[in-house]
């Protein structure tokens, strides 16, 4: 089991850090006349224990006593760390007050010596136990190794699901001709452990071997080499393995690398080969460059397939004529097929309905990892006891008795190959609850606060943390969310982190199974509903060694329910806290004052999060006496208008986050925070200026002022040489854009605001945006309503041409009459997102059709545009030639296009083959537009708030359209108007106050499944109008929200709704007094009924027996009638399986 190799690596890394800290404090210890010998004795004792760690790792496999010994050693190390940190803090305090010696009252010499003696005594016992247990020094490290070659069992194609697309991609690669002039091409297959990389490669390799892949020139050499062992990834070993796979055993007399390379070169001479290098871990560019030398003698068309978990390996090996193949997680449907095949022993799952319900939940728990699915299915093979299935469902996978199962070694390999420093950081991640989305930067600061980042060369700790994070991400421990700043952990990886950290880390929520122990050092608390959660926290204040207390808010991905409220008394006992996060605290004013005062006593605190606390109006000076504080988050404290002058005392502060606060002024004392790396002022709308001396913050890397009301930048802002993120530069009357030329390292998002204040156009060129290749998002803003010369605006925009690496471009309130040539030029091959807003003087749109990567385009507020013609699609050089010469369709990658507030736009002509991949199209207030594009083959989602395009839909061909959204269409009294495309499955109509009736013709009756009316207030106002939906024979979901039902006696009318409905949602139906029970009982397929905010609804009728879920909320007359056992309508609903009445959730 992996448990047997956890402790040693973590403990050894902790010891190395502790030894370094002990040496740092020796000078201070001498000056204060503390017995230095005691510290040396402690160090020697710990060195003795460190010497036998390798043997302990080996022996704990079979000896629980050794495992307990490792835990005791870890506790002693942590206690020693606490003492050393206390001393370092006191030393720092003395230096701050100019003292040479004398401890403060809380730091008497006798107290320090008593604590160290206590620790030494515990270590003495550990050393004695070491001898008793027979632990020996010098035993070779036993790592968790697996002979992959022995585990590569032949895959059965009948047991592989959901990989047809990927298999086809690999076969296309094998059949392709290299266009790069190279002899061979490489395709890396990348993915987390257990995702099926080896299995997929096996299937393809076997098809090639069995001649199922028809090739003009077949492979003469076909070889499979399992690399696996990281320590043996050198040129000689891999070349030898390839040679022996190709040509049999190598002569033992050959010892030199060049000799075996010559042998392999001769064996491959003129032959076309296929090599599979399976499970590659440690091949850098130099190794790969040397390794491929013999391959050059082979015939053209040779191929290499590589499987690896590491993105960085794939980037080294991939060739220009191929691409990396990233294996996605399997769909839930494919996972169920795999699970049922093994768990039910080829018996139809429906034969065991109770087991099928549990089994589907188990499959969901595996989150698309096929190895996890198969392993758990094999555990349950032919088991008919539901209790055993429930046990698999509720327990972490790592806690299950797997026998010879595959999950543990498969994922453990990734962990075992981590360096020791990364193992500590990964183990700490176990405090993050499952399904949480977390920020990279925040996690790095948590690592920093816990002392888990080790300085490297001249790198800042933030850079070290980023390197650690990127390494863990490349090894598939973290998965990048859309946008790139947030990440998640697969549940299996989260289970692994919990397994590694054991008792030291605990994530508390309703679903957690762990309990607080004296060894717990790090705790996170997530939202909860049950009283059982509160019981788990009763002993929290008794844990005096706690280092981390994270009360997670919604920004970590949790849905806000109830939250744990920390009390001042509990905090006082947690003197060793390094991390405290109590966002959205709901304390009274008195309680908040006491809480903040208690926080001020936590002298080791490095990370403090008080974000979104509406009660905080000021920060007390006691908080500003926390000399170790590195991170202070006050984001979203909506009553915080100022900071104290004493903020400048936080001399170790590295990050200050005041985003989304009404802060009006930043005190000048902030400029004394010389360690500050990050100052976040995002959306501080009342902030009009930065401190004058902000340029003293020479270590500042990130300054986020986007969304503030800054008038201009401070003097000499360009002196902040280390800035990598400057979200906004305000030109101002006295600030020239040429200052921007002095920021060569800007990264990410960058906005230039106030471009109307540019005085010298030549200065704009000196901003040198064209050479800032790390800016990925650029926003250029002129202030709306200020007149600027058309020619000057155009020249300014022309000189602001960015680097071609730009991914998103936004231009607002541009006053020119046309756009410079760089906008839309095909050289901007990375642009994915373009927003052009408020360009009121332009009568033509820029030529954007040849941007090869453009995915999202939003055109807004072009008051002069009347027609969109050919120039929108093609550049002059292309449009001047015959359209048949165009090799690629215009807007070939665009999938979302939005037009908004185009007051004069009348005509839109379409160039042949344009928009081949457009999936979403929106018209927002285009009142004069006569019609939309007639043919868009890939369009799936159409949004319209203009009457005319809606009326022309019957003439359009949208074969893929399935979602129609209509909103704010003045004058639209009936719907639909004309025949709608027959492919539509979902329709939403909102904010159409003139809508009075629903016609019975024109609907996509046979395909429409979901219909939603929102804020169509007068839809039921006229009793004489038709509103029959009974003809929608495929409709399963109907939602009606914010509608006036005055004059409606009862809803629905008989026959008004189709009998196919399975879900009915009624919300804010003003004046509705009764539901028509007779009409509802005809809905024999109805399963879910939701009634919300219907204040005048008086009673509940008898419902169809098919209803299994009923939700009633904020219905003041109805809720009392539905109370369990006593309500007047209880007998009508007591048979329903799931009831939510008000805040109460009931299972019947």
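From the backbone N, Cα and C atoms, a Cβ is placed for every residue, glycine too.
What you are looking at is a predicted structure, and each value in this text was computed from that prediction instead of being measured.
What TrEMBL says about this protein:
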DOMAIN    31-95  domain 'Disease resistance N-terminal'
COILED    39-90  coiled coil
DOMAIN    166-346  domain 'NB-ARC'
DOMAIN    431-497  domain 'Disease resistance protein winged helix'
DOMAIN    570-656  domain 'Disease resistance R13L4/SHOC-2-like LRR'
DOMAIN    738-861  domain 'R13L1/DRL21-like LRR repeat region'
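Along the coiled coil (39-90), the predicted structure has mean pLDDT 78. In terms of DSSP secondary structure, the domain 'Disease resistance N-terminal' (31-95) contains 56 helix, 0 strand, 9 coil.
Note: the domain 'R13L1/DRL21-like LRR repeat region' (738-861) comprises 26 helix, 28 strand, 70 coil (DSSP; helix = H, G, I, strand = E, B). Note: the domain 'Disease resistance R13L4/SHOC-2-like LRR' (570-656) comprises 22 helix, 11 strand, 54 coil (DSSP; helix = H, G, I, strand = E, B). Secondary structure of the domain 'Disease resistance protein winged helix' (431-497), assigned with DSSP and counted as helix (H, G, I), strand (E, B) and coil, comes to 32 helix, 7 strand, 28 coil.
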